[in-house]
Amino acid sequence: MAPRAAGGAPLSARAAAASPPPFQTPPRCPVPLLLLLLLGAARAGALEIQRRFPSPTPTNNFALDGAAGTVYLAAVNRLYQLSGANLSLEAEAAVGPVPDSPLCHAPQLPQASCEHPRRLTDNYNKILQLDPGQGLVVVCGSIYQGFCQLRRRGNISAVAVRFPPAAPPAEPVTVFPSMLNVAANHPNASTVGLVLPPAAGAGGSRLLVGATYTGYGSSFFPRNRSLEDHRFENTPEIAIRSLDTRGDLAKLFTFDLNPSDDNILKIKQGAKEQHKLGFVSAFLHPSDPPPGAQSYAYLALNSEARAGDKESQARSLLARICLPHGAGGDAKKLTESYIQLGLQCAGGAGRGDLYSRLVSVFPARERLFAVFERPQGSPAARAAPAALCAFRFADVRAAIRAARTACFVEPAPDVVAVLDSVVQGTGPACERKLNIQLQPEQLDCGAAHLQHPLSILQPLKATPVFRAPGLTSVAVASVNNYTAVFLGTVNGRLLKINLNESMQVVSRRVVTVAYGEPVHHVMQFDPADSGYLYLMTSHQMARVKVAACNVHSTCGDCVGAADAYCGWCALETRCTLQQDCTNSSQQHFWTSASEGPSRCPAMTVLPSEIDVRQEYPGMILQISGSLPSLSGMEMACDYGNNIRTVARVPGPAFGHQIAYCNLLPRDQFPPFPPNQDHVTVEMSVRVNGRNIVKANFTIYDCSRTAQVYPHTACTSCLSAQWPCFWCSQQHSCVSNQSRCEASPNPTSPQDCPRTLLSPLAPVPTGGSQNILVPLANTAFFQGAALECSFGLEEIFEAVWVNESVVRCDQVVLHTTRKSQVFPLSLQLKGRPARFLDSPEPMTVMVYNCAMGSPDCSQCLGREDLGHLCMWSDGCRLRGPLQPMAGTCPAPEIHAIEPLSGPLDGGTLLTIRGRNLGRRLSDVAHGVWIGGVACEPLPDRYTVSEEIVCVTGPAPGPLSGVVTVNASKEGKSRDRFSYVLPLVHSLEPTMGPKAGGTRITIHGNDLHVGSELQVLVNDTDPCTELMRTDTSIACTMPEGALPAPVPVCVRFERRGCVHGNLTFWYMQNPVITAISPRRSPVSGGRTITVAGERFHMVQNVSMAVHHIGREPTLCKVLNSTLITCPSPGALSNASAPVDFFINGRAYADEVAVAEELLDPEEAQRGSRFRLDYLPNPQFSTAKREKWIKHHPGEPLTLVIHKEQDSLGLQSHEYRVKIGQVSCDIQIVSDRIIHCSVNESLGAAVGQLPITIQVGNFNQTIATLQLGGSETAIIVSIVICSVLLLLSVVALFVFCTKSRRAERYWQKTLLQMEEMESQIREEIRKGFAELQTDMTDLTKELNRSQGIPFLEYKHFVTRTFFPKCSSLYEERYVLPSQTLNSQGSSQAQETHPLLGEWKIPESCRPNMEEGISLFSSLLNNKHFLIVFVHALEQQKDFAVRDRCSLASLLTIALHGKLEYYTSIMKELLVDLIDASAAKNPKLMLRRTESVVEKMLTNWMSICMYSCLRETVGEPFFLLLCAIKQQINKGSIDAITGKARYTLSEEWLLRENIEAKPRNLNVSFQGCGMDSLSVRAMDTDTLTQVKEKILEAFCKNVPYSQWPRAEDVDLEWFASSTQSYILRDLDDTSVVEDGRKKLNTLAHYKIPEGASLAMSLIDKKDNTLGRVKDLDTEKYFHLVLPTDELAEPKKSHRQSHRKKVLPEIYLTRLLSTKGTLQKFLDDLFKAILSIREDKPPLAVKYFFDFLEEQAEKRGISDPDTLHIWKTNSLPLRFWVNILKNPQFVFDIDKTDHIDACLSVIAQAFIDACSISDLQLGKDSPTNKLLYAKEIPEYRKIVQRYYKQIQDMTPLSEQEMNAHLAEESRKYQNEFNTNVAMAEIYKYAKRYRPQIMAALEANPTARRTQLQHKFEQVVALMEDNIYECYSEA
């Protein structure tokens, strides 16, 4: 594509002129708001807007940097650098406004001074060009006489080269005005620029500039009579300037590339008026010439020639300049090669319309496409204002060569002229050069010795290719034998037309880019991806996808759309761009639109009709159309519902392909639809997992034909479209004639036995008669037994009368209706529903005279129907011999309507009554109005009840009664009148041609007749008629043209009523602008609508699309102004606005013309939009809610307004105090002043202060009124009362203070005593615990003493802590018995640790499927899409996410480096999502798959640290907690203990426990007796547990016997022993509850001998102690003790009771005792071993810091939170709370509570927020409040040490991870994990497939096909296999 340059002129002069002066363009929305409103994509047909960037100021130019993927956008006062892909802002620079004057030199000119005032001036960009060779962006604006800057490529905000360059004072740089005056210095003057590449061996780049002259004498020069013109001498119209920044900077922007004025083209001063040049574009062609080829620079421009010039001279010009080529090429002067020729775009086929003004050009490879428009004001401009023409560059070249030949060889003054009269040239006219042979280069580029510059007088002509109104820009691409043309419009739309090779339009589409904003005349394709087009409107930059092919779902639609870009991707069965289709470069893989729909894949199935009862070996498929060879591909025939059979392709044949396919199994045939004898089956050929072509075949069943058509069974069988045969004897339809018996059978439908139609007389109800039924073709069933059926349960016998007649005997039918028709059919006797054919069914009518005939006329009138009825006090049946009754009574007329009619007659008169004739003939000539006959209408006559007749003409006005004569005469009470209606006038007499005008026609007697018509122009009805006696109102239809039309009033479709009525259709009203364009969301703001011809508007309303509430009614002020209250809206947004004028939707005529190009676009958008913003908010100045005011005093309110963007004016505010208005005096942006000038009333009261804006009302305060005397009295009383209260309070305070002092001293003494006791208790407890723990530490064997879980059990417990979709975790162990060593091995089981249990029959397929699925999971693209697809499902709960993450960790455990890369990618997505909201909340919970993956990754990586460093101090802390708890009393029922860290588990009773040292032996253990310490308050179960702990302390807990599995026996003496139990007959009962037995209860002394033994059968009489019912049992404390009131029973009153809170000091005691062990643990966790640094932590923390830096997150608190959430809170807190994940121990509820307190302290230590502690703070936070600051320092030091570690490379980390994988390989069965992951894949298979289809990489690598293969392998038997397993 050739680079081009755009001028900085306004986008459209027509658009600029459309707005009248009072309505200037309103301020634009700020960028963030517009981004919110406009970033959504819009789509229409085959165009799709991908991205938009809104500009607050009008846009001027843009440039593309294809190599860097950058867009540079220039707007008024701003420069933007945007990302090319999404138009996001990368950099920006402010370049205005600046103080400037067009009469002053640029301030960059040294010693420049100016006497004229400089005013703040906006900077309009004129040139924006990229110079990639020097890394520059050339930016020229309208300020400072068109000054240019050289900015840095890649950073538009930085200036790359300072110009003029700075120089030392000793050597000043010479700067001339011509170096500064580059571009035009007026906003509306055009400028184009083009960076010319340097010639080989030459210097730097050059800049070609074309600029409209703005100096003295032009319309752009200031009209101040100043002659000071800096433009003429310094700014030529066309010039080539230096851009060489690597050479002498002092020569930048100079002309002197060669020392001659010929290097510029400057129009002479005297010729400037006649040659005003307006530049459109500058471009190179060819843009990339081959080496040695000539390249040209072109300028497209308009020459505004004045009247008097030659009529034939074209106004649109194309100028060409030669550029140097090759190393030896000389740089020619500009004027040497300059030549211009006219471009003329004129209508063909006899149309003389000329499009003379050039608007936009686009150079294609062979053609120059140009948009032209007619001059403004042309009479035809409204019909077709713009056209597209195409000129061949070859024709341009030929015309130039011919012109130079005509100038120098054989001069022809009518062909070419020298521009010497216009510019400084080399001679006034062409002259013949003798003895000179012009070389081709001279013919193309001229020479110094030849006349120049030249102008070709005859224009190059072209016929319009396309016409449309308001075209502003063009871009063209040649694609797939089509030419795709994109056209911008003045109304902000983009048209896309596709031209064939003959340049004829074959399709068109329209999309709205920014309605109402003209599209800039330059559009460019993305250099990196031609599938996108960049364009610019007045306030937006847009990136448009050239085609949205995916809107077409079939090949026919895709190819038939004739879109140059779209084609059918055969093997992917979708409409795509060619580059989006795999293998599209190969033949037949991609079918373009140019190939036509006939090349679409098609298929024929043979046989196409299949008998359901016949066996078929297979199907033959003939596949035609554009398809690659299917031979060797994986193929199947797909019948739907997952039914597929194998297909085979032997090879191509005769231009198509043949395939063979097995028919689907018979048991899988689809069911036949109801009442149908066939079913159509759609069969598709499936290739590589996709159905690429389909066809239908039919399965038929002849036997169903007879069932579907039972009354024409034989006829339907033999006339069916299938080969069916009729068996007469079986009365059945078969597909094989051999199934019929040998008897003769009919062979054609005409031979079928059938009943013949025979008319039957009506039968009275209940009568008996015989019915004869004639038959035909009876030879096939002569003599067969038949029955007569009438559709009832009752069947009548049929008797053969002869060979062709059957009689139905004694048929009796009944009905309760007036009459009822019964169908008559013959069926085979004893074979229901087997009927003889009845092609024309016989029927029997049964009537009932007693029903439906309330009067005589109706009764006797039934005789015409064959009903034998008579009238005798009612309608009755008469016998066949009874005579007819006589005449009926005279007619009775109840009502007539209407009561009047015109003299011409024709009125439909309706007469209602009784006995109005028995038949029409009775009254046919018997209806009269006076002496005028009224003719009844047969089709409107109702026997006896109603007559509708047409009145005849009357000789004159008359009035008479209506007479009906039906053998007797009846007359009406009302009179009917003949009158003469007249019309006089109509109003209004004019209206818009859009229709909707409500007119009123005045006259007399206009209410007459039955039908009224008002016709406009004799054809179009005036609708919504309403009439009175003197007027008719109706709504005018739409008119075709502005013209007068006659209006005709017709009564009864007769002639027009006399009176000449004329209505004038006028041009429609035009709306040009609305202001303001912002409204509060509540609506009601007055919107002023400006336009023309509003005097014809009767009513107008305003409605808002999508978010608007009810439309609002507007008010017409005059012919140019309308005011409308803005409608309320549902939300804050920008929405299109519609106006309804006279009930018709307003439409701009130009927009309507555009919409006709694409009817879909007619429904899109509106020209006007309203931006809805939040309602304004107000308050009083001091935000008080009550304001006091004394009547008589002046009242001035100061109201504060919150800042908003509504731009409200002072008259839009209404402030009221009660019902009194407050006059607004001062309004600023934030403050409103108002005052009240009238009295508010003297009565004391309260008045609301309300402020109103539109429909929004806000009460901001209440005004309190009161008298001044009353206020003084009230103040005195209040002060007196306050003084008295102060004295009393002072006395009370002194008394209380003395008492409090005494109490405080007493309390201090108590606290000192308590503190002393606590210190002593801690000292003793710590000493004891240290002694015990020292002994324990000595006993621990470093390798075996700590019961660490194996790695695999650590992993399963950590990954699946509670339950997952895989299994519900239960650590259930078999019954254990101690062996001689006192231990029993019981291995914990888990599905992931065992074999994959599936039956052998299923194993091969499933193992292959799992293997393939494993390879998919090891594909990064698949796994990322897979995880995201599942997480998007609403029913994919957190539990499922965690389960999936853990299963993935197990499945990928052998590839931790790959697992880590996946986790990082998912984390990046999570960080992106969190960074956009609140980054500090990231990783706070575990709610996504990646968060659980991170937990698992940390668990794996930290296991070694956990086991080698943290495990021992952690285990010692657990033992210390247990030892400390066991030193005091523990309530076995409630679990509460004397010593604890948790307030909830504190035993708040002072129960003294004494230790007992017991000598215990364990029978069968093989160990000596041990001394075990217990407390005398221990229950026997607690004693057993302590004994078991003593004997099994070096054995894992899972191998311990349980307390209920052993008995404890006390040997009180050598002869006495007792089995000790918690409950027995000796248990004590208190308050109805049994107390558990303790050592004290049994009075077991110190040193007692006990024996413990295993029991064979567990005693189930007593369950777990803590599960006992507290209503029946207790241990230490009755359940009511802790909740009881101070009053107790006498029996309990001896207990010493104190406040329960006093025992909270024991928490401190326990904490102090355990402090050392806790400190050791925290230091182990938060320290770094030099020999084994935490590589994973360093790696992950560095990753977090890198991500934060990428997103500009510099807050250290955020990084601290991320690190804390990822390691301490995610891993260590989990371990601290769950020691059973690490050790094989018993975690009791009490230990769990203590660990929760410790974990909370760890969490607080990692937090950065200060602890807000008070008296109500929980004890678990207060307990370690003093230590938290020290712990925090340790945490921060740990983070700092991690940060200071040497960074890890990816290779080092991968090596570490690989080592971790190797260390624990083969620990888990990954097949089980894969199978469980597959269950999720199966559950969400459609969603996963859709996600894979939507992912380009997945489509390219066919991941969806591989996934389908997994499903195919797994689906057939996975569930059966699992059920068997």
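Quick reminder: no glycine exception, Cβ is built from N, Cα and C everywhere.
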Inquiry  = Quick check on the annotations: Swiss-Prot lists region 'Disordered' for one of 1-23, 484-506, 783-805, 1128-1150. Which range is it?
reply    = 1-23
Query = For Cys569, which disulfide partner does Swiss-Prot record out of Cys555, Cys558, Cys575, Cys581?
reply = Cys581
Query = From the list Cys558, Cys566, Cys600, which cysteine is recorded by Swiss-Prot as disulfide-linked to Cys549?
reply = Cys566
Message = Which one, Cys104, Cys140, is listed by Swiss-Prot as the other cysteine in the disulfide with Cys114?
response = Cys104
Remark   = Bonded to Cys600 via a disulfide in Swiss-Prot, from among Cys555, Cys661, Cys702, Cys714, is Cys555
Ask   = When you tally the Cβ atoms that lie within 10 Å of each candidate's Cβ, which of the disulfide-bonded residues (Cys140, Cys581, Cys637) has the highest tally?
value = Cys140
Message = Within 10 Å of Cys558 (disulfide bond) (Cα to Cα), which of the recorded positions Cys140, Cys148, Asn155, Cys549, Cys566 do you find?
response = Cys549, Cys566
Key: Three-class DSSP secondary structure - Cys549 (disulfide bond)   = helix
Ask   = For Asn481 (N-linked glycosylation site), what is the secondary structure by DSSP, using just helix, strand and coil?
value = coil
Task = Enumerate same-chain residues with a sequence separation of six or more from Asn802 (N-linked glycosylation site) and a Cβ-Cβ distance below 8 A; give 'none' if the list is empty.
result = none
Request  = Among the disulfide-bonded residues Cys322, Cys389, Cys445, Cys575, Cys661, point out the residue whose Cβ has the most other Cβ atoms within 10 Å, with all shown protein chains included in the count.
outcome  = Cys575
Request  = Just give the helix, strand and coil counts over the domain 'IPT/TIG 3' (1069-1160), going by DSSP.
outcome  = 12 helix, 42 strand, 38 coil
Task = Compare the C-alpha of Cys445 (disulfide bond) with the C-alpha of each of the recorded positions Cys104, Cys549, Cys555, Asn1017, and give the closest one.
result = Cys104
Ask   = recorded positions Cys140, Asn155, Cys549, Cys566, Asn1118: which have a Cα within 10 Å of Asn481 (N-linked glycosylation site)?
value = none
Query = Near Asn1237 (N-linked glycosylation site), which residues of its own chain have a C-beta under 8 A away, given they sit six or more steps off in sequence?
reply = Asp1223
Message = Within 10 Å of Cys569 (disulfide bond) (Cα to Cα), which of the recorded positions Cys345, Cys555, Cys575, Asn696, Asn1017, Asn1099 do you find?
response = Cys555, Cys575
Note = Averaging the pLDDT values of the domain 'IPT/TIG 1' (891-979) gives 92
Task = Go ahead and report the DSSP secondary structure tallies for the domain 'IPT/TIG 2' (981-1066): helix first, then strand, then coil.
result = 0 helix, 48 strand, 38 coil
Distance [Cα-Cα, Å, rounded] between Cys104 (disulfide bond) and Cys148 (disulfide bond) = 16
Remark   = For Asn1017 (N-linked glycosylation site), the nonlocal same-chain Cβ neighbours (under 8 Å, six or more residues apart) come out as Val1045, Pro1046
Under 8 Å by Cβ from Asn965 (N-linked glycosylation site), counting only residues of that chain that are 6 or more apart = Pro891, Val923, Gly926, Val927, Trp928
